[in-house]
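Chemist: What Swiss-Prot records for this protein is below:
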- 29-32, 50, 86-90, 413, 479-481, 495: ATP binding site (BINDING)
C-alpha cells in the first residue's frame, strides 16, 4: 500500500496538532472542579467520566498524522495509569506543554538534541526533588485522604479503601466488583483463598449450601496425581487415630482413591475432603509450596525424596479452619510467621526481577494470598452508567493509594510542581549549552501548567494565583474546591509522590521523542466507493 510522508516542520506540526486535540479533551477533567466528558458507545448507553485515561483511550482522529500524535500522548496517559494508577490528566497536560514550548524553539532553529538533553536534565533533578519531598503515610486517615482525592473527592470511596487496606494490609488483595445492590460495601475473605472446589459434592458437611467446613484440620499437600487408595492408606490411618478432619490437596485425585474417600466421608468413618491443586505447571508447584509454608506442612514430592507412604503426621499442614464449596477453598492458617515472612520476601524479590507483566500479576496474587487475605469492594449505583463511572473511580483510587503507601505523598493541587519549578530556579546551569538551557527553561515553565488548568477549570484566572503561590511560604496552595488558600498537607489535599513523579517523567519522554522527530510515515487511506456505486453498462444493452 502507498505511503504518505511528512518531513521536518510539517511532520512535527501535524503530530503536535493531534497531541493538542487529545490534550484539550482530557485536560477539562483535571482538579476538583474538573468537567465531565460524555463518550458515545457503539452499544449501550453513553459513558460519563472525569477519568483522564478513559477519555484518552476513546480518541482516534481521522487525519493519520494527527492521530499518530494523539496515540503518542495516549501512551503517556496509559503508561502513567499502569505505573501509578492516577495522574493521567496531569501527565497529558505536562506532555503537551513541554512539546508545545519545545517545538517553538525547534522552529526558531535551535538544535532539538540539545533541547532534549536540557529537558532530561531538568526532569531528573525534578524527580529526585519529588522523591525527597515525599512524606510517608501510615494512618488510616491519611490513606482515606489520598483515596478520596483520586476518586474525584468522593470521601465515601476513600473511607472504604482505607478500611479495606487497614484490614488486609498494604500487600493484601483488594479487588473491585460490581454490586447487585445500590450500596457500596466491603466483604472480606480471611486467610488464603484459591479457585478450586471439592472434587465431589458428597464431601459436603452442610447440605443446605453444599459446603465443607472443618475446624482444627490436617492438610496433606501432594504434588502428584493420586489414583489408588493403597497410596493413601498409611496417612489415612494416622489421621483417623487423631479424630481430626483431613483436607487433601493434590494434582488430581481419581479412580478408586476418590471413590474410597467419598465412601468413608458418607459413612462418617473419616472427615475428609479432596481438591485439585491451584494453578498450572511451575506455578502450581510454587503455590503448593506457599500452602505448605502457610500451614506449617511439607510438600510431598518425590523430588524431595518424600512419598505418600512415608508421610508422618508432623509433615502434614494444619489449619484453624477450612471452608470448601464447589468453586473455592479458604484456609485459615496456623503456620510459622517467620517462615511466612521469609517466603513473602522471596516472592517480592521475584516480582522486582521479572519483566513479564503476566508473571508479575501472578506473583502479586501469590504474595497477597500469603500475607493478608482478600477484601472485595462491591461498588453499587442507581444506574448502569453511574455504576461503570464509579467503578472506574474506585479502581483509580485504589491504585493511587497503593502508590502513596509505596513512595509517600506530596502536597497536591499542582503545588508540588510549582515548588519543584522554584527549586529548578536555584540550580546552577552555567555549564549547560545554550540549547540545553532552553530545554531546562521549558520544563520550568511547563511545571506550572497543571495548576493553571486546575484553577481555570474552577472558573478563575490562573496567573494571579500562580504568582501568589510563588511568593507565599512553602506548603500553601489554592484549594479549588473551597476557593481558599490553605496548607495543602494539613487540609488533606495530597498526591502520591509516585503519581506526580511518573506523570512528569512519562510526559517528558514522549515530548522529547516528538522534538527529535524528522519524518512521519503513514498509509494513504483508500477512498471508499459510494453506496449507490455506478455499475458498468452491459455492452450488449442499447439505449432505451
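Any Cβ shown, glycine's included, is placed from N, Cα and C.
How buried are the listed features, and what sits near them?
Modeler: Residue 50 (ATP binding site) carries neither a helix nor a strand DSSP state and counts as coil. Around the Cβ of residue 50 (ATP binding site), the number of neighbouring Cβ atoms within 10 Å comes to 22.
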Chemist: Name the secondary structure element type, per DSSP in three states, that contains residue 89 (ATP binding site).
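Modeler: DSSP call for residue 89 (ATP binding site): helix.
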Chemist: For each of the binding-site residues (29, 89), count the other CB atoms lying within 10 A of its CB, then report the residue with the highest count.
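Modeler: Answer by Cβ density within 10 Å: 89.
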Chemist: Going by DSSP, is residue 480 (ATP binding site) sitting in a helix, a strand, or coil?
Modeler: coil
Chemist: With the cut-off set at 10 Å between Cβ atoms, which of these binding-site residues ends up with the most neighbours? Options: 87, 413.
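Modeler: Checking each of 87, 413, the winner is 87.
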Chemist: Tell me whether residue 495 (ATP binding site) sits in a helix, a strand or coil according to DSSP.
Modeler: strand
